[in-house]
Structures are given as C-alpha cells and as structure tokens.
Amino acid sequence: MIDDFPFMRMALEEARRAADMGEVPVGAVITDADGALLARGHNRVIADRDPTAHAELIAIRQAARVLGSERLTGCDLYVTLEPCAMCAQAIAFARMRRLYFGADDPKGGGITVGARIFDRDTTHHRPEIYGGILDAPAAGLLKAFFARRRGGGSPMDGADE
C-alpha cells in the first residue's frame, strides 16, 4: 500500500497557503492510480470571488484538465477537511477511487454529518473513504485561523499540532 501521509502533508501545505491568503485553510491533492501527483489546490473563495472555489473543486478541475477527461477513475483525493456536500457530490461525479480526509467538519461536512452524500441511494458512485488522516494538524490550522479571525490567539496557535 502507498504511504498516504506525504500526500496529506502536501494538502496541509496547500491549506497553509490558503490561510496565508486569508482563506479558510483547506488544501487538496489528487494522485493518479500509480500514486503520481496530478493536481493540488487550496480554498480561493475570497480571492476568486467564487463560492465554489473550494480546494477539492480546484484540484478536481486541474486533474480533469491534466487527464483530458471529466472522469477521474482510479484517482485519489487527499483533503485536509471533510468535504462539504457540494464537493462530495463532485467527487462522486468524477468517479474518484478513494477519498482521504483529515479533520471532521461537524458544521459543514457532507460525508459523516449533514447531507451524508455517499449514504444516499441517488449517489451512483461511492469512493473508498478514509477519515482522520493527520487530523490534528488539519484541525489545528482551522482552529488557529478562526481564532485569528475572531481577534484572539497568535498566528501560530495550534498550527503545528
């Protein structure tokens, strides 16, 4: 089995880039069936003035362009936060093989809470799902970001847990 931590670490680097831009720190990386890096992305909602500019969708669009196909069959997605319902549905539409995510998202997640997209009969493709991969540093980035946004905490609080 491929060691998945390097790809999640890349996703964490993307999340840090988002935080540096003032975006919610979520990062994503996509690999092909052989484990080669295809795409990476981070949240750009504010920068692009686009409510759909989530890390997962940016990476999915990039991977689809690289492969020349809307189907990402055999590809794996690594993302620092549980995908929302919109991103989960895009993962299903892209026919991705596996989804690895870091921190749970109890407020906006679309997989383990909320819409639970992959539990629906109407979802025709379900990737293999693995949660909790490097969840402590992923959650730490989010906690530090929102503490700064609310005016408390130093920029590095929780970022290196």
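Cβ coordinates are placed from backbone N, Cα and C, and glycine is handled just like the others.
Whatever TrEMBL says is automated annotation, not expert-curated.
Because the structure is a prediction, the values reported are computed rather than measured.
Per TrEMBL, these features apply:
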type	residues	note
ACT_SITE	GLU56	active site, proton donor
BINDING	HIS54, CYS84, CYS87	Zn(2+) binding site
DOMAIN	2-112	domain 'CMP/dCMP-type deaminase'
Using a 10 Å radius around each Cβ and counting other Cβ atoms from all shown chains, which of the binding-site residues CYS84, CYS87 yields the largest count?
CYS87
Near the Zn(2+) site, what residues other than HIS54, CYS84, CYS87 in the same chain have a C-beta no further than 8 Å from the centroid of the listed C-beta atoms?
ALA55, GLU56, LEU57, PRO83, ALA85, MET86, ALA88, ALA90, GLY110
Report the mean pLDDT of the predicted model across the domain 'CMP/dCMP-type deaminase' (2-112), rounded to a whole number.
97
Determine, from DSSP, whether HIS54 (Zn(2+) binding site) sits in helix, strand or coil.
coil
